[in-house]
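Feature annotation from Swiss-Prot assigns domain 'EngB-type G' to 27-201. Per Swiss-Prot, GTP binding site is recorded for 35-42, 62-66, 80-83, 147-150, 180-182, and the stated evidence type is sequence analysis. Feature annotation from Swiss-Prot assigns Mg(2+) binding site to Ser42, Thr64.
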Amino acid sequence: MTIKNHNYHMTRFITSAPDIRHLPQDMGIEVAFAGRSNAGKSSALNALTKQKSLARTSKTPGRTQLINLFEVEEGIRLVDLPGYGYAEVPEEMKRKWQKALGEYLQKRECLIGLVVLMDIRHPLKDLDQQMIQWAVAMQVPVMVLLTKADKLASGARKSQLNKVRDALLALNGDIQVEYFSVPKKIGIDKLHQKLDIWFSQKAVQVENHR
């Protein structure tokens, strides 16, 4: 299989939607980014695409209340899902977001991969595990990025990485776990490579079904 090197810096914003009913037609291929409200999803998307404000970052966790879609090239999209688990968001809104997340993961046919971002200091909270379990149940491959890796010394960082990898082994899913830090540019290349592999694999599958 030939791995195509996609130009993520050409990525552009398409639309926002409150739930899957308001998303564009379920065609093409999508990789979704999920994580707690302070995990650094928007910063990761901006670092991947080398665009400072493609995904809106905020000092106030929980500002990503919509499903935000970005087009890498025709038919290939990145999806920024609503951040979850932020305490100051009203319960009704939390339930609404979680319903939107669940529906997207379980019903969106063009979803081919899920990137789950977790603060390396506080990984595998209940909702993180639920997202990964949903993906494994739907046979969607997962890349876990342990963000803010620069906040820990190398020994503690390695220990956290091993703990998370060991904890996820029991799920028997297609799960890769890596460090990630935007300021230190750790893990950005691995994310780029993983997305290229996912998009290329799907392109081959589509070609073989023609």
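Yeah, the Cβs are placed from backbone N, Cα and C, and that goes for glycine too.
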Checklist outcome for this item: Reduced DSSP state (H/G/I helix, E/B strand, rest coil) at Lys148 (GTP binding site) is coil
Next on the checklist: Given a 10 Å Cβ-Cβ cut-off, pick out the one of the binding-site residues Asn38, Ser42 that has the most other Cβ atoms nearby.
Outcome noted: Ser42
Checklist entry - Judged by the number of other CB atoms within 10 angstroms, which among Gly35, Pro82, Lys148 is the least packed of the binding-site residues? => result Lys148
Checklist entry - By a simple count, how many Cβ atoms lie within 10 Å of the Cβ of Phe180 (GTP binding site), its own Cβ left out? => result 28
Checklist entry - Could you give the Cα-Cα distance between Leu66 (GTP binding site) and Ser42 (Mg(2+) binding site), in whole Å? => result 13
Next on the checklist: If I take the alpha carbons of Gly35 (GTP binding site) and Ser42 (Mg(2+) binding site), what is the distance between them in whole Å?
Outcome noted: 10
Item to check | Inter-residue Cα distance where the pair is Ser42 (Mg(2+) binding site) and Pro82 (GTP binding site), in Å | outcome: 10
Next on the checklist: Would you identify which of the binding-site residues Lys41, Leu66 has the most other C-beta atoms lying within 10 angstroms of its C-beta?
Outcome noted: Lys41
